[in-house]
Amino acid sequence: MGIEEQLTGVLAKAVTDIDSAESVKEIEAIRVSYLGKKGEITSILKGMKDVSPQQRPVIGKKANEVRDELTAVLNQKKERLEKEALQKQLEAETIDVTLPGRQVKKGQTHVLTQIMEDIEDLFLGMGYQIIEGNEVESDYYNFERVNLPQNHPARDMQDTFYITPDVLLRTHTSPIQARTLENHDFSKGPLKMISPGKVYRRDTDDATHSHQFHQIEGMVIDENITMADLKGTLELLAKKMFGEEREIRLRPSYFPFTEPSVEVDVSCFKCGGEGCNVCKKTGWIEILGAGMTHPNVLEMSGVDSSKYGGFAFGLGPDRIAMLKYGVDDIRHFYLNDQRFLTQFKRKG
Ligand code: FA5
């Protein structure tokens, strides 16, 4: 076969190869295999040395034409493949600006915080100050200063997380009574405070007990404070928490830091006092402990108990929330399950 026919044949083969190429990389490989130094066309042209001088220009022209055509076909296909690749990339990276954005979930106040904030608002409105105590407390303030000396039997009532023999996680918010009393200047007016916060007990967690829970302590000390003041204050508190129609009753109880001491019940907010499953058919629900501040607590803080006296109360917002919302297990408050927590949306 003459060189001219060989060139024509190679061109046809190359065009078929180019047709079936699917990527720019393949095109470049084809370019090298035909036009490169060791390519097919180059090797055909090596046969020129055997061609007569008259034929050479003719074949030379044909070789140039084949090379030009091949280059043109290669470039055309390369351009098309590049365009297609770009198009694909653009399609893959398209941003649909009409798609709705992802919803950012808004947080909300935890139900226990809501209850505590409501109670804080009530007492702030009555001129109380809010005092925050420390969760890590000394044995001395947690027990002795609220009239529970070392060997007092009531100390067994409170199973305690001790850090050292003298330092513990407070078991109630009552140590804040002593800490506030000793710092209060009675010449400037009465002491009226509440103190919300976390407390800890070595209780085994179950439906109604948590090893960490909340309390709100309250205390009023001045001249001429009576049990009627305590009852009036707690009545307001019960109405705020459970509704305007609520009544309270006081039952005798015992706390070492108050004398007399009372347990406070609220008339059942579910049945209105008729008796139901919430109030265990009694019409009343126990909500807090309270009493008239024991003179020992005042004296240990340097307050003259013959002149000053008053009341204190302590309530557990966790149990209040359980009652108020019919929650059957205290642990729900601490598991952070959004399905549970989002039910308690603050109104307004
Ligand atoms: C006290 O802790 C007293 N300091 C309250 C007090 C203050 C009385 C001032 C008088 C004057 P008590 O141990 O009963 O009392 O606890 C108070 C409240 O904490 C209980 O009514 C209950 O609501 C809550 N409580 C107690 N233990 C747990 C627990 N393990 N888990 C959840 N709540 C608890």
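From the backbone N, Cα and C atoms, a Cβ is placed for every residue, glycine too.
Annotated coiled coil per TrEMBL: 67-96, in sequence order. Residues 11, 14-15, 18-19, 21-24, 27-28, 30-31, 34-35, 41 of the same chain, all 6+ positions outside the coiled coil (67-96), place their C-beta atoms under 8 angstroms from a C-beta of that stretch.
Residues or ranges marked as domain 'Aminoacyl-transfer RNA synthetases class-II family profile' by TrEMBL: 111-323.
Marked as Mg(2+) binding site by TrEMBL: Glu259. In the three-state DSSP reading, Glu259 (Mg(2+) binding site) counts as strand. Taking Cβ-Cβ distances under 8 Å and a sequence separation of 6 or more, the neighbours of Glu259 (Mg(2+) binding site) in its chain are Gly291, Met292, His294, Pro295.
If you average pLDDT over the coiled coil (67-96) in this model, you get 91.
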